[in-house]
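Here's the structure, in structure tokens; my notes come after.
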Amino acid sequence: MILSIESSCDDSSLALMSINDASLLYHIKLSQDEEHSTYGGIVPEIASRLHAQRLPEILKKLKAFLNNDLSPIKAVAVTTRPGLSVTLIEGLMMAKALCLGLQVPLICVNHLKGHIYSLLIHKATSDMQAILPKNTSLPQPLGILLVSGGHTQILHMRDFNAISLIAQSLDDSFGESFDKVAKYLGLGYPGGPVIESYATTFMRDFPHIAPHSFPVPLLHNQKLQFSFSGLKNAVRLAIQALPQPLSLKDRGSICAGFQQSACEHIVRKVRLYFQSAQAQDLEHFAIVGGASANTYLRTTLNELCEEYNKQLHLADLAFCADNAAMIGVCAIEHYKRGDFTPIDEAQISPKSLLNDFL
């Protein structure tokens, strides 16, 4: 089995994956949402300190699951890029110590590639029995919308080490814009779930009232690129123009209108990708990353995939956000290829360089 570690941002997570059949044997995750909600976003120093406290705590639970017998572990995998340097280092230090103690190889995993491999994981059960993967491999070629943290990208995957970057954001990411709008509205952090909740409630309670209208970013731009800064600013100005304090109805209308505009922007750019020469033989498309849990985004992209006869692949909702299970299933591919990193050469990086990741 492979022990995997995830600490790229504000989630401390460990997992055990079977090398033979890619089944998830054990998974534990501690989130820091409550600690960061007061600040409206991640505070790196707080995140680092909490990882230093919590990673050893959940390692004790993992050891107890194995009855303190770590001999079945044949490799340790850890996220080394991209992410916050002060949190990545906490995971890497633990991984190095485990590799030295167990005399097993180290596997460095790109966090973004881990999100892609989250497509293969089933939801964990309460008793943590072995969970078989949905499939043993990803369909290829595979078009991918990656909406995770600071990333909004369209990727074209031909093989494990052949992933082309098709489009990315010029400024804010899809997820960051949700966090910023939630902060403008005083709704706390993280913004994605709360904005979706307000939007859903508004559409349910006021079915005959159109939500606040916002411009779709880059509406007449035919280039494969994203931008959310203008939309974010339009929301800020709309909030300022409304009577204060905002009513629940106004908050819901803002959330619904913003969500519709942001998702329409995504759909329009994915449509351009589907119409491109590179995607003409594409049969499979996937949405991955924490923000891929948004129901409205899933629904609108599913409709687009049906229009273009593409099979849509979605990660289980339990594994959309950061987790060690996705790092583990990706690490299995590294393990099979003999792709190990000497302990003294392992490094972290806050960025994922194009020629490094793709």
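For all residues, glycine too, the Cβ spot is worked out from N, Cα and C.
Swiss-Prot lists Leu146, Val147, Ser148, Gly149, Gly150, Asp179, Gly192 as binding substrate, and of Asn67, Asn294, Asn302 the one it places in that same site is Asn294. Binding of Fe cation is annotated in Swiss-Prot for His111, His115; the matching candidate from Asp322, Asp339, Asp344 at the same site is Asp322. Closest by Cα distance to Asp322 (Fe cation binding site), from the binding-site residues Gly149, Gly150, Asp179, Gly192, Asn294, is Gly149. Ranking the binding-site residues Gly149, Gly150 by the number of CB atoms within 10 A of their own CB puts Gly149 at the top. The record gives His111, His115, Asp322 for Fe cation. Within 8 Å of the mean position of their Cβ atoms, the other Cβ atoms in that chain belong to Glu6, Ser8, Thr79, Leu112, Gly114, Ser118, Ser148, Gly149, Gly289, Gly290, Asn323, Met326, Ile327. DSSP gives His115 (Fe cation binding site) a helix state.
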